[in-house]
Amino acid sequence: MHKLGIAITGSGSALPETSLDNEALTELVETSDDWITTRTGIRQRRLAHPGESLSQLAAAASKQAIASAGITAADLDLILLATSTPDDLFGSACQIQAELGATKAVAFDLTAACSGFVFGLVTAAQYIRTGVYQNVLLVGADILSRWVDWQDRRTCVLFGDGAGAVVLQSNESDRLLGFTLKSDGTQNHYLNLAYKGSSRELISDVNISQGTYQPITMNGKEVYRFAVQRVPEVIDKALFQANLSIEQIDWLLLHQANQRILDAVAQRLNIPKHKVISNLAHYGNTSAASIPIALDEAVRQGKIQPNDIIAASGFGAGLTWGAAIFQWGR
Ligand code: UT7
């Protein structure tokens, strides 16, 4: 009989070496270090160079996660890649599988923008709870620098590149204590990386569209409003499901979009500042990668300890948002 509980047993992260600070951005757009720092808390971001691929970054983070879980790539049953920026539109999870030599694992991509890691965590958990898989690698990785309009100061100052990964394993006790996932497509137009094509007549009366994806567009104010309102709601719901009170949370681990969002959500939930994990000063918004990178750093810094209770929440394009309450370690 398989164990049907879930434990998150290892983490890893990988960031490109090239770093761009706020001052450097003033060479590109009309902005200032002061505006970016006070409005977002971001001071610098990492950027993937042209030779770097998403699957390479993802594989580097994955190797750390696998090693820290104390398993090997051959043990993996499933690889889930949460990304909006695959190297290949057909998906990049299989390239990670090949890079790792995870011969037994089935691999596929999952797209839920900045909510991708939380959605992936819950998806991975279903496979373990049903007893079909025992060892799952979940990667959140994005290279948004390839899809940002570097002349749009409203967006280009926000994003950075990176990858984070965790290993989930079947376990006697279930460490995923509660979760809530939500979508609202009626607000889709607030944040897009949309395909845009032009019409082409293939043969007489047969028209198709050909084109490519357009740079990110965002209504920052609306997304901000949405995040500050919806994120506390889903955390509350997930906590209720977990039968836990706010005071029992050790760490608030939000998608790293804006320090003001982290502060506002913490304030609404009455969570003290010292429990809020934040690294966006260094990396900006790395989309699906932001939660696992911040998680991995906090684990390696010895902040997050085994049995600590973490409230994680992702939010972003779709619009999508969700929360997962879990306990670190076996
Ligand atoms: O990962 C997905 C989730 N995404 C998010 O959570 C993003 C949510 N939104 C935000 O974080 C914030 O809305 C932003 C950081 C994007 C913007 O902050 P804001 O306080 O909402 O600023 P704003 O858009 O209201 O703009 C205020 C002013 C405007 O000028 P006017 O119209 O008042 O003259 C902007 O044109 O700031 C201007 N502005 C800038 N100025 C200098 C916008 N971007 C910049 C910039 N540098 N980079």
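Glycine is no exception: its Cβ is also placed from the backbone N, Cα and C atoms.
Within the same chain, residues at least six positions away from CYS114 (active site) with a Cβ under 8 Å of its Cβ are HIS255, ALA257, ASN285, SER287, ALA288, SER290, GLY314, PHE315, GLY316, ALA317, THR320. Secondary structure at CYS114 (active site), taken from DSSP and collapsed to helix, strand or coil, is helix. Summarising the annotation, TrEMBL assigns active site to CYS114 (among others).
Taking the Cβ of HIS255 (active site) as centre and 10 Å as the limit, one finds 32 other Cβ atoms among all the protein chains shown. According to DSSP, HIS255 (active site) sits in a coil region rather than a helix or strand. Look at TrEMBL and you will find HIS255 (among others) tagged as active site.
As annotated by TrEMBL, active site applies to ASN285 (among others). In the three-state DSSP assignment, the secondary structure recorded for ASN285 (active site) is strand.
Feature annotation from TrEMBL assigns domain 'Beta-ketoacyl-[acyl-carrier-protein] synthase III N-terminal' to 108-185.
TrEMBL lists 240-328 with the feature domain 'Beta-ketoacyl-[acyl-carrier-protein] synthase III C-terminal'.
According to TrEMBL, the region 'ACP-binding' annotation covers 256-260. The average pLDDT for the region 'ACP-binding' (256-260) in the predicted structure is 98.
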Counts by DSSP class (helix H/G/I, strand E/B, coil) across the domain 'Beta-ketoacyl-[acyl-carrier-protein] synthase III N-terminal' (108-185): 25 helix, 32 strand, 21 coil
